[in-house]
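Per TrEMBL, the features are:
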BINDING   Asn54, Gly55, Gly56, Glu67, Asn96, Asp97, Ser122, Thr123, Ser124, Ser127, Gln174  substrate binding site
BINDING   His63, Glu67, Gln174, His182  Zn(2+) binding site
DOMAIN    39-197  domain 'SIS'
Amino acid sequence: MRPYTEAIHKAFQESIRVKTEILHHPELMTTIEEVVDLMVNTFREGHRVYFCGNGGSAADAQHLAAEFSGRFYIDRRPLPAEALHCNTSYLTAVANDYSYEEVYARLLRAMAQPGDVLWALSTSGNSRNVIRAIEIAQQIPVRVIGFTGRSGGAMKHMCDYLIKVPSDDTPRIQEAHMLIGHTICQLTEQVLFGYDA
């Protein structure tokens, strides 16, 4: 056996375990279904969805926004979804002139309208700039979808819809976030545009 084989098997097995646990968690499955309904209704009513996160969660936020605003399985009209960290001039200006905690909150305050949705990703549930964005979302008011790890952190008390992945391991949490996010996107697209994947 090559020296990496055991580690590779362990990583795959743990990823499978986390996803299997989600699959057999009725409350999580119900929340995922509720988020699909929220996304469908948000887009039907002409509202927008904003995504935010840090590091790998920022990459996931941008990826999911692109699936909605670009396309997922089919050629269809774009859906108004945007990751809040993509303008680096804005991001660095606000981080420098105010603080990094304000980078998402300030942009959300400028752009979001009542009825919009904030999709906030934080494996710990405690990222300060994500928490600040949620605080602003509550004031607008914007409904909040939270994606976290097992504990939910501070976000567990702040989100309208909370998906807590049953793991404390950041890579496994992020892998599950993307699977769940892709599934929500697929089902939203199916409902809005009428096809079977």
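Glycine too: its Cβ is placed from the backbone N, Cα and C atoms.
Under a cutoff of 8 A between CB atoms, and with a sequence separation of 6+ in the same chain, the neighbours of Gly56 (substrate binding site) are Thr123, Thr170, Pro171, Gln174.
For the binding-site residues listed here (Ser122, Gln174), the lowest count of other CB atoms within 10 A around the CB belongs to Gln174. Sequence-distant neighbours of His182 (Zn(2+) binding site): residues of the same chain at least 6 apart with a C-beta under 8 Å from its C-beta are Leu64, Glu67, Phe72. Largest Cα-Cα distance over the residues recorded as binding substrate, namely Asn54, Gly55, Gly56, Glu67, Asn96, Asp97, Ser122, Thr123, Ser124, Ser127, Gln174, equals 32 Å. Calculated from their C-alpha atoms, the gap between His63 (Zn(2+) binding site) and Asn54 (substrate binding site) amounts to 13 Å. A Cβ within 8 Å of the Cβ centre of His63, Glu67, Gln174, His182, the residues given for Zn(2+), is found for these other residues of the same chain: Asp60, Leu64, His177, Met178, Gly181, Cys185. Remark: Asn54 (substrate binding site) has Ser122, Ser127, Asn129, Val130 as non-local neighbours, by Cβ distance under 8 Å and separation of at least 6 in sequence. Note on His63 (Zn(2+) binding site): other Cβ atoms within 10 Å of its Cβ, all shown chains, come to 16. Each of the binding-site residues Asn96, Ser124 was scored by other CB atoms within 10 A of its CB, and the lowest score goes to Asn96. Within 10 Å of the Cβ of Glu67 (Zn(2+) binding site) there are 20 other Cβ atoms, across all protein chains. Mean pLDDT for the domain 'SIS' (39-197) in this predicted model: 97.
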